[in-house]
Amino acid sequence: MSVMEDVLKHIDFYDPRFCVAVIAIIFNPFFWNVVARWEHRTRGLTRLFGGPYLACYCLGTLIILLNVYRSHSMTVAMKAQARWEVMASPEVFYAGAALMALGSVLVVTSFLALGFTGTFLGDYFGILMEEKVKGFPFNVTENPMYWGSTANYLGLAFMNASPVGLVLTAVVAISYKVAIIFEGPFTEDIYRQRAQCCKHK
């Protein structure tokens, strides 16, 4: 408890920059899940953009921009608040660098394995993959894009000796965990419906 109290006393939870970062973290997965489910139900974006691929590319681009803003808001919050001297050591810095390297590998290899539409909710647009990707990094973790991103933020917090960065990373992890709870079964149901349709043909 004394360590936790020491961490928390370095954090200003009422700092507007911290609040903006928390909102950005929570909003992103909420936004793309709501929009993707709406698209799957109505095909509204497909009709608007004249096809599923262009619609998926546009939503994916918007998600990337939102994630860039989230990263920016987290960095601003970290720089605005106090460093924790306990974390201000070469060992912690290099551990953070290693986490960022690991996270980047997971994110990049996940994107290469899935492609743009596979990464950015193409399933919800009717752009289905032929089979489930089972190679690296999906043979290491089921959601490498999410946990790689989380590792990047944790590494950034370590490198900046930032206690507020640790808290924001925890918010990222929780928001991703909640997103997985909703996305996993829904995506599986999409492919289950496809399989049933194929059987009836």
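Placement of Cβ uses the backbone N, Cα and C atoms for every residue, glycine included.
TrEMBL does not curate its annotations; it predicts them automatically.
The topological domains that TrEMBL gives for Ser89 and Pro137 carry different names, which places them on opposite sides of the membrane. Counting neighbouring Cβ atoms within 10 Å of each of the binding-site residues (Ala101, Leu102), the lowest count belongs to Ala101. Per-residue confidence over the topological domain 'Lumenal' (1-15) averages out at a pLDDT of 81.
Taking Cβ pairs closer than 8 Å, the transmembrane segment (50-69) reaches residues 24, 27-28, 31-32, 35-36, 39, 116-117, 119-122, 125-127, 149 in its own chain, all 6 or more past its ends.
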